[in-house]
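**Student:** From TrEMBL, for reference:
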type	residues	note
DOMAIN	6-186	domain 'Thiamine phosphate synthase/TenI'
BINDING	Q36, L37, R38, D39, K40, N68, S106, K135	4-amino-2-methyl-5-(diphosphooxymethyl)pyrimidine binding site
BINDING	D69, D88	Mg(2+) binding site
Amino acid sequence: MKEFKLYAITGEEFHQGRDLIEVMEQAILGGVDIIQLRDKTSSKREILQKAKALRELTHKYGVTFIVNDHIDVSLAVDADGIHIGQDDLPLAEARKIVGDKIIGISTHKIEEAREAEAGGADYIGVGPIFHTNSKVDVVDPVTTTYINQVSNEITIPFVAIGGIKLHNVDQVLEAGATRICMISEIVGAEDIKGVCKTFTKILSEKGE
Ligand code: TZP
Ligand code: MG
C-alpha cells in the first residue's frame, strides 16, 4: 500500500455540525494522507452515500480511502480498502472478497498482531494506546508498551490509535510508532487544518 503517516477517521459526533466532506477536506489540506469512513449508526444507504462523496474527495487529492466494517460498501464505491476488527469477518474470508485491496485490522495484543501479519493484512491498528471515549466497548488501554512490542517484532505497517492528542503524541513516537491515527483530536478540532499541519510537522521531523 501507499506509504502513510497521518490517518484520520470520521466521527460525526465530534464534527460540531460541520459537513462531513468539509471536515475531511480540511484534514487532507492539513496533511492527512489516509482517511477512514467509520459510522456505527447510519443505515447502509446513508453510509453508501457518504462513502461515494468521500471517494470523490480522496480521488481529488490522491488520498487513500478506507471503509470501516462494510466490505460491500467499500467495493461498491471502489474504496482502496477496508478496516476490520477482531469480531468482524476473519482476514482469510475478507481477503477472498476484496482481492488485493487494502485490509487493515485492529489489534490489541501481540498475538493478534502476529496473526494479522501471518494472515496477510496490509496494516494493523495498535491500540487503544490511551483512554478514549470515541469507541464503545473498547478494551483497556494497551499503553505504549504495546507499541514497543509491535515495533520490535512486526514488519507490516502499523498505526497507533486511541486517545492520541497533541499533548501526548511524543510518547507514542518515542515508543516506536511512525504512523498515528485519530478521531476526536482531528475532527473535533476548531482548526482542523491547523492541527493536522502540526501533526504532519511533528511526524516529518521524527522521520528525519
Ligand atoms: N479503535 C481503537 S481506539 C479508537 C478506535 C476506532 C478510537 C480512537 O478515537 P480517538 O478520538 O482518537 O481516541
Ligand atoms: Mg468492525
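A Cβ is built for glycine as well, from the same backbone N, Cα and C atoms used for every other residue.
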**Student:** Could you state the CA-to-CA distance between L37 (4-amino-2-methyl-5-(diphosphooxymethyl)pyrimidine binding site) and D88 (Mg(2+) binding site) to the nearest Å?
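**Tutor:** L37 (4-amino-2-methyl-5-(diphosphooxymethyl)pyrimidine binding site) to D88 (Mg(2+) binding site), Cα-Cα distance: 16 Å.
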**Student:** With a radius of 8 angstroms around the mean position of the C-beta atoms of Q36, L37, R38, D39, K40, N68, S106, K135, what other residues of the same chain does the 4-amino-2-methyl-5-(diphosphooxymethyl)pyrimidine site pick up?
**Tutor:** I9, T10, D69, H83
**Student:** Under a three-state reading of DSSP, tell me whether L37 (4-amino-2-methyl-5-(diphosphooxymethyl)pyrimidine binding site) is helix, strand or coil.
**Tutor:** strand
**Student:** Measure from the Cβ of D88 (Mg(2+) binding site) and count the other Cβ atoms within 10 Å, all protein chains considered.
**Tutor:** 16
**Student:** Please check the binding-site residues Q36, D39, K40, N68, D88, K135 against ligand 1 and give me the ones with CB under 6 A, sequence order.
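**Tutor:** Going through Q36, D39, K40, N68, D88, K135 in sequence order, those close to ligand 1 turn out to be K135.
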**Student:** Running a distance check here. Ligand 2 versus the binding-site residues Q36, K40, D69, D88: which have CB less than 6 Å from one of its atoms?
**Tutor:** D69, D88
**Student:** Does DSSP put S106 (4-amino-2-methyl-5-(diphosphooxymethyl)pyrimidine binding site) in a helix, in a strand, or in coil?
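**Tutor:** The three-state answer is strand.
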**Student:** Tell me the Cβ contacts of D69 (Mg(2+) binding site) under 8 Å, same chain only and six or more apart in sequence, or just say none.
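**Tutor:** For D69 (Mg(2+) binding site), the qualifying residues are R38, K40, I82, H83, I84, G85, D88.
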